[in-house]
Amino acid sequence: MVVDASDTGDVAWMAISSALVLLMTPGLAFYYGGLVRAKNILNTMMMSVISMGLISMLCVVCAFSLAFKGDFQYAGLQNMDVSNWPGTKIPCLLFAIFQMTFAIIAATIISGAVVERIRFGAFAILISLWVLFVYCPLAYWIWGGGWIAQLGAKDFAGGTVVHISSGSGAFVTAMLLGKRKKSAEQGMPHNVPFVILGASILWFGWTGFNGGSALAADEVAVLAVATTFISAAGGMVSWAALEVIRVGKPSTIGAMTGSVAGLVTITPIAGYVSPMGSLVCGIIGSLICSTASLVLERSHLVDDSLDAFSVHCIGGFTGAILGGFFDTKYGLLYGASGK
């Protein structure tokens, strides 16, 4: 392979980041698997794992090309081995692999709202169609230079492309499927250590998810890694504190869910806010996600089994809005003029 003027440090970081983001999918499998009833654990975890195979194939065939070119120029990942991706010093093929891992985790998130009431085959068809007809157009509109990008929208690492899209898709799918059959075991996680393991892997992998979105081994990547860690910490503590206020004691599930909410909230703005700003964003995002989960549960509007909508859609949207305040260059709290 001949590559023009690649930066070896950037290449190494992006290769590692790709591996970290891919690791998030089995992490999500453990996280979701621990939250369901014992009889559904294998089906639930496999709904996450199958994305690594199925969505990878789709990305190779056409999904990456549709998402970043809006056509079939890169179908089969052809015409990508002789230059760097525009605006970066990494090979086009490495950029494609990195983005492929994003599509994988996005599709996997949807399973959190439909577990325990959808057949495995039907889910595989669902995520394939969703990636092609929802994820790809949205990615192109925002990251590929489409009409949303032309409006000046900013999405550092996928708050809209990954989390809002998958969370809202999960909500719609859950409404169409209806509620689960009532059971004495429903809502009772069967393996809390799996939840801790899964959330911890997600936190670890999110280093590549947000840090890698700088597309270089530079100060922006460092800032993104720092804000990611800090926001997750704020989300964990604030969700647990809210549980103390509501029910008198924190829970393990709540603390781990809070960390994920903090991670989701910071995703669209990880490279734009200060460390202290990320702490505030993580706290606010976690509190809003927790409240949304409680409201949705009590309203009986939809059976969002594992809070896919409450955490990912609401968290991603909250982060995008908070960016308008905490962005150190364009945020209202810093003067919209950028001073």
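Cβ atoms are placed via backbone N, Cα and C, with glycine included.
Per TrEMBL, the feature transmembrane segment maps to 12-33 (among others). Tertiary neighbourhood of the transmembrane segment (12-33): same-chain residues 41, 44-49, 51-52, 90, 94-95, 97-98, 101-102, 104-105, 108-109, 111-112, 115, 191, 194-195, 197-202, 204-209, 211-212, 215-217, 221, 256, 260, 306, selected by CB-CB distance under 8 Å and a gap of 6+ residues from either end.
According to TrEMBL, the domain 'Ammonium transporter AmtB-like' annotation covers 12-330.
According to TrEMBL, the feature transmembrane segment maps to 45-68 (among others). Long-range neighbours of the transmembrane segment (45-68) within the same chain, counting only residues 6 or more positions beyond its ends whose Cβ lies under 8 Å from a Cβ of the stretch, are 22, 25-26, 28-30, 32-33, 74-77, 96, 99-100, 103-105, 107-108, 111, 115, 120, 123-124, 127-128, 131-132, 135-137, 139-140, 143-144.
Same-chain residues lying 6 or more positions outside the transmembrane segment (88-110) and placing a CB less than 8 Å from one of its CB atoms are 1, 3, 5-7, 10-11, 14-15, 17-18, 21-22, 24-25, 28-29, 47-48, 51-52, 54-56, 58-60, 63-64, 67-68, 74, 77, 80-81, 126-127, 130-131, 135, 139, 158, 161-163, 165-167, 169-170, 173, 209, 212, 215-216, 308, 312. Look at TrEMBL and you will find 88-110 (among others) tagged as transmembrane segment.
Here the transmembrane segment (122-144) has long-range neighbours at 47, 50-51, 54-55, 58, 62-63, 66-70, 99, 103, 106-108, 110-111, 114, 153, 155, 160-161, 165-166, 169, 173, meaning same-chain residues at least 6 beyond its ends whose C-beta is under 8 angstroms from one of its own. The transmembrane segment annotation in TrEMBL covers 122-144 (among others).
Look at TrEMBL and you will find 156-178 (among others) tagged as transmembrane segment.
When Cβ-Cβ distances below 8 Å are used as the criterion, the transmembrane segment (190-209) is approached by residues 16-24, 26-38, 41, 102, 105, 157-158, 225, 228-229, 232, 252-253, 256-257, 259-260, 263, 267 of the same chain, each at least six residues removed from its ends. Look at TrEMBL and you will find 190-209 (among others) tagged as transmembrane segment.
The transmembrane segment annotation in TrEMBL covers 221-241 (among others).
Residues or ranges marked as transmembrane segment by TrEMBL: 253-270 (among others). Proximity of distant same-chain residues to the transmembrane segment (253-270), defined by a Cβ-Cβ separation under 8 Å and at least 6 residues beyond the stretch ends, is recorded for 31, 35, 154-160, 162-163, 189, 192, 195-196, 198-199, 202-203, 206, 209-211, 213, 223-224, 227-228, 231-240, 242-243, 278, 281-286, 289-290, 293, 307, 311-312, 315-316, 318-320, 322-323, 326-327.
The transmembrane segment annotation in TrEMBL covers 276-296 (among others). Here the transmembrane segment (276-296) has Cβ contacts under 8 Å with residues 226-228, 230-239, 242, 254, 257-258, 261-262, 264-266, 269-270, 302, 304, 307, 309-311, 314-315, 318-319, 322, 326, 328 of the same chain, all six or more residues outside its ends.
Beyond the transmembrane segment (308-326), the same-chain residues lying 6 or more positions past its ends with a Cβ under 8 Å from any Cβ of the stretch are 109-113, 154-155, 159-160, 162-164, 166-168, 170-171, 174, 257, 260-261, 264-269, 272-274, 277-278, 280-281, 284-285, 288-289, 292-293, 296, 302, 332-334. Positions annotated as transmembrane segment by TrEMBL: 308-326 (among others).
Here the domain 'Ammonium transporter AmtB-like' (12-330) has a mean pLDDT of 95 out of 100.
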